[in-house]
Amino acid sequence: MFASHPIHTEAVAGIVGRADVGASLFFLLSLLCYVKHCSTRGYSARTWGWFLGTGLCAGCSMLWKEQGVTVLAVSAVYDVFVFHRLKMNQILPTIYKRKNLSLFLSISLLTFWGTFLLGARLYWMGNKPPSFSNSDNPAADSDSLLARTLTFFYLPTKNLWLLLCPDTLSFDWSMDAVPLLKTVCDWRNLHTVAFYTGLLLLAYYCLKSPGVERECNGKFVTNGKQNANGHSCHSDVEYRNSEIKPSFASKVENGIKNNASQRTQLPSTENIVVLSLSLLVIPFVPATNLFFYVGFVIAERVLYIPSMGFCLLITVGARALYVKVQKRFLKTLIFYATATLIVFYGLKTAIRNGDWQNEEMLYRSGIKVNPAKAWGNLGNVLKSQSKISEAESAYRNALYYRSNMADMLYNLGLLLQENSRFAEALHYYKLAIGSRPTLASAYLNTGIILMNQGKTEEARRTFLKCSEIPDENLKDPHAHKSSVTSCLYNLGKLYHEQGHYEDALSVYKEAIQKMPRQFAPQSLYNMMGEAYMRLSKLPEAEHWYMESLRSKTDHIPAHLTYGKLLALTGRKSEAEKFFLKAIELDPTKGNCYMHYGQFLLEEARLIEAAEMAKKAAELDSTEFDVVFNAAHMLRQASLNEAAEKYYDLAARLRPNYPAALMNLGAILHLNGRLQKAEANYLRALQLKPDDVITQSNLRKLWNIMEKQGLKTSKT
């Protein structure tokens, strides 16, 4: 039954489930060691070696997953209620009369070790439980005490139903997969009452004081005497009037073990039920929200260890029925019913394994249980497969079921941004920020879009707001810090482009302070170098260029900027090597040819410079900076016709950029296309009315046009 149960699929097929499988392995090893400790206690010096193995395996189990530490409590239950067969009313008298001190010592050591492990785990967590988003566990975030209480009491019932009838399984049960129980009139409360009533009755049946007649392995005994051929059991009189005799301990007479006695002292049905309940209930306790809130509503992998108790409980129940019924027909019916259950479990496991074949199938299988999460994750998968329209549809389906999911709003915005639908992308980024004001990546992309649209003041405010987000109660602190660092980097670039180099340096230094360990710093270091270079602080600039190259030896921008510095300081041959190295690293990058062309232009190697400029513009015809600079280089090389072509392309790439329009007007002016030149000058002045150079060029143009008798806009 355990091997075929479908609830195990997630723990076995999902990589994250390795934690549960590993914890289970050491959980069972720890329990087996304790069983050995119990059976050798008082008879062998090796008994404490077995106890040491119990503690070490329990620690390893906890390191795999926290619930592994519960094996110590299961071991204590086994020792008290199964091995020693104590009933609830016999525990205190046993302790009070100091009977069986070895039992008391073992339980005390288990308690001490468990407390130590829990204390160590709490210390590693910073003496506080982990934080989770509200959607991970909606009941924990509910303001209603009644809703929290009713829901938390109901969830174990739902988990038991998944063990009993695993018909509907899902990779994720968060959000609204299990609606909150908000009133006592919710019909699901009947399930809760039935579950806890059954659990308490079962526990009472197993732990109550022994009566006159009880079952032992299918045979009924009275006052400890067999009334049929079978095994003997202890009577109530034996428990009260003699020292407790362990049920599994070997007797030693004259140095020889009485193995026949050990074989006959098998546990009763009550003992097995107690062990089953302890395996079912105790490992599940950490997931009940009883001691601290957990980051899930239901997690199928968490049921891996409790399912051991469930399988044992079903088995002992079927066995008890099989023993009690007299008719062969009924015995056959029980046998085939149990076999059929195992077959159905196996078939469901095979089907569920198919869902775990790949991410797309897994997320599609979860749409029925958790449509918002499943559609959102499916959108990510479809996007990675370049199925853009299907991915967009999946994201919109997710938002239909839950419109305030910040991650999904951000993912849809990112998809739209990558497909140049910037207005829509900005809309969804703003919705994402409204849903989660600490989502730094949404601020980052919003700022980048605004900066590219020339809305520098809005971009600056967005980047500043991102940098001021506190590092508290974050869903992903590492990703947050990386996004904040990127915001500061882009804010520095913005200041740099505006010529505020001191402000840029201040922002870059703040970025370096906030930079997380996993952040790739080469671009940041390179921009630091550029800012120092613009301030004519060449030694500092060289230091940061070298830092950039040290952090990433094949960082192309650092090769280019360092090459410029070397050229500026007279180290021409070294500079040319760095430019050529940049081209070698990526021959398809037009920016590399553009920088090398500028170097050649400064060296008066005009023909080579012109070739580099054309190559750069051809390779990166959609990159404004490359095209604009290539046009500028061609103009300096007096290749005005070619320069006009690329100035025109640059103006089309950024139609609202005054410098592009002004330069296009200037080259048209030089090439004699006066009316087109006038139109571009006027458009540039509309965008930047106080530009002195454009005003001067326009006056000169009007003078020429008037001399040629051409109509001007001023007339």
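Glycine too: its Cβ is placed from the backbone N, Cα and C atoms.
Heads up, TrEMBL stuff is auto-annotated, nobody curated it.
What you are looking at is a predicted structure, and each value in this text was computed from that prediction instead of being measured.
These come from TrEMBL:
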TRANSMEM  12-35  transmembrane segment
TRANSMEM  47-64  transmembrane segment
TRANSMEM  70-88  transmembrane segment
TRANSMEM  100-124  transmembrane segment
DOMAIN    127-199  domain 'DUF1736'
TRANSMEM  190-207  transmembrane segment
TRANSMEM  272-296  transmembrane segment
TRANSMEM  302-322  transmembrane segment
TRANSMEM  329-347  transmembrane segment
REPEAT    372-405  repeat 'TPR'
REPEAT    406-439  repeat 'TPR'
REPEAT    440-473  repeat 'TPR'
REPEAT    485-518  repeat 'TPR'
REPEAT    556-589  repeat 'TPR'
REPEAT    658-691  repeat 'TPR'
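Same-chain residues lying 6 or more positions outside the repeat 'TPR' (440-473) and placing a CB less than 8 Å from one of its CB atoms are 131, 406, 409-410, 413-414, 417, 422, 425-426, 429-430, 432-433, 479-481, 483-484, 486-488, 490-491, 494, 498, 510, 514, 654, 656-657. Mapped onto DSSP helix, strand and coil, the repeat 'TPR' (556-589) counts 27 helix, 0 strand, 7 coil. The domain 'DUF1736' (127-199): residue composition by secondary structure is 39 helix, 0 strand, 34 coil, according to DSSP. Counting Cβ pairs under 8 Å that are 6 or more residues apart, the transmembrane segment (272-296) and the transmembrane segment (70-88) reach 3 or more and are in contact. Ranking 12-35, 47-64, 329-347 by CB pairs under 8 A with the transmembrane segment (100-124) puts 47-64 at the top. Using a Cβ-Cβ cut-off under 8 Å and counting only residues 6 or more beyond its ends in the same chain, the transmembrane segment (329-347) has close neighbours at 1, 4-6, 166, 314, 318, 321-322.
Taking Cβ pairs closer than 8 Å, the transmembrane segment (190-207) reaches residues 81, 87-88, 150, 153-154, 156-158, 160-161, 270-271, 273-274, 277, 281 in its own chain, all 6 or more past its ends.
Tertiary neighbourhood of the repeat 'TPR' (372-405): same-chain residues 135, 170-172, 174-177, 359-360, 363-366, 411-412, 415-416, 419, 435, selected by CB-CB distance under 8 Å and a gap of 6+ residues from either end.
Each residue of the repeat 'TPR' (372-405) gets a DSSP state, and the totals for helix, strand and coil are 27 helix, 0 strand, 7 coil. Counted with DSSP, the repeat 'TPR' (440-473) comes out as 25 helix, 0 strand, 9 coil. With DSSP classes pooled into helix, strand and coil, the tally for the repeat 'TPR' (406-439) is 27 helix, 0 strand, 7 coil.
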